[in-house]
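Lifted from TrEMBL, the feature list:
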ACT_SITE  His23  active site, proton donor
BINDING   16-23, 136-139, Ile165, 173-176  ATP binding site
BINDING   Gln47, Gln142  (R)-pantoate binding site
BINDING   Gln47  beta-alanine binding site
Amino acid sequence: MPLKKGKSKVALVPTMGALHKGHLSLIKIAQQEAEIVVCSIFVNPTQFTDPKDLEKYPRPLEHDIKMLNDAGCNIVFMPTVKEMYPLFPKPEKWHIDLGPAEFLLEGEFRKGHYQGVTQIVKKLFDAVNPDIAFFGQKDFQQVLMIKNMVNVFDLPLEIISCPIIREEDGLAMSSRNIHLSATDRKNALVLNKALTYTKDHFNKLSISELLSHAKAMINNTPGVELDYFTIADESTLLPITNKDVKNSVALVAAKVGDTRLIDNMLL
Ligand SMILES: Nc1ncnc2c1ncn2[C@@H]1O[C@H](COP(=O)(O)OP(=O)(O)OP(=O)(O)O)[C@@H](O)[C@H]1O
Ligand SMILES: CC(C)(CO)[C@@H](O)C(=O)[O-]
Ligand code: BAL
């Protein structure tokens, strides 16, 4: 049953658990904007395209609950798979038009991923009935897809994108970082380095020079297999060919050892 709100503003921070400082930053921002902050923890099977990825997704529940308690989060919502998908493992009907950006980048490498993401986020919104919901810019395309889903259903809520929290050496925090070996961990730094290089040289080099330098940095790093590195228009995610586009973003995805990581930087 949705939360009885009265006059209090309710914020939702959806997560898949294995919480880190990136998640806590969303909780903190949410606390500044709303009286009641709900954090959901649900490892959503319908957004995984690789069963091994789903199986090994970290689930340190007690640690997560302690972190949320210490952060002063008001409500933790941890539904079971059967509660969210009563027919599971039978698929439920869900398909919405998320626009052409659904099929780019993550959507190309994880086919159907954003249908699964928007399916569960809609269910979470229905269950919690928030006024406002917070997502990380780390999953840049995800924020765009969720905003499109909100438009499709004309939902009366605000979607806020929050800055990427990084380790001191620049690696974007991610629950999947736990799978990195010590060597992978060092190699993974090239993602942030390639993005930073692109940002620092954006006014000096052409797009094709930027792309070839950044890709070479990544391709020359052992144990790192590039899926994509692109410089795109923030709102369409289509690659840009010149710098007339006002708001652009560099986005990267790569396998580091056995772990697939994503990152991005506004330019
Ligand atoms: N480093 C970060 N900084 C800010 N927000 C983040 C960061 N990492 C994750 N988030 C956000 O937290 C929310 C929950 O993400 P999720 O539980 O999938 O964690 P994650 O660390 O992104 O894990 P993974 O990418 O390995 O699944 C998402 O909105 C995500 O964008
Ligand atoms: C938004 C989300 C919680 C939906 O499962 C997930 O994709 C995530 O953690 O980014
Ligand atoms: N944070 C993105 C969720 C996923 O990788 O499935």
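A Cβ is built for glycine as well, from the same backbone N, Cα and C atoms used for every other residue.
Locations of recorded TrEMBL features on the structure.
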residue	record	Cβ within 10 Å
Met16	ATP binding site	18
Leu19	ATP binding site	26
Gly22	ATP binding site	21
His23	active site, proton donor	26
Gln47	(R)-pantoate binding site	20
Gln137	ATP binding site	18
Gln142	(R)-pantoate binding site	21
Ile165	ATP binding site	18
Ser175	ATP binding site	19
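In sequence order, His23 are the recorded positions from His23, Gln47, Gln142 with a C-alpha within 10 Å of the C-alpha of Ile165 (ATP binding site).
Between the CA atoms of Gly22 (ATP binding site) and Gln142 ((R)-pantoate binding site) there is a gap of 16 Å, rounded to the nearest whole number. For Gln47 ((R)-pantoate binding site), the nearest neighbour among the recorded positions Met16, Leu19, His23, Gln137, Ser175, judged by Cα separation, is Met16. Secondary structure from DSSP puts Leu19 (ATP binding site) in coil. The 6 Å Cβ screen around ligand 3 retains nothing from the recorded positions Leu19, Gly22, His23, Gln137. Rounded to a whole number, the C-alpha distance linking Ser175 (ATP binding site) with Gln142 ((R)-pantoate binding site) is 16 angstrom.
By the rule that a residue counts when its Cβ sits under 6 Å from some atom of ligand 2, the recorded positions Met16, Leu19, Gly22, His23, Ile165 yield Met16.
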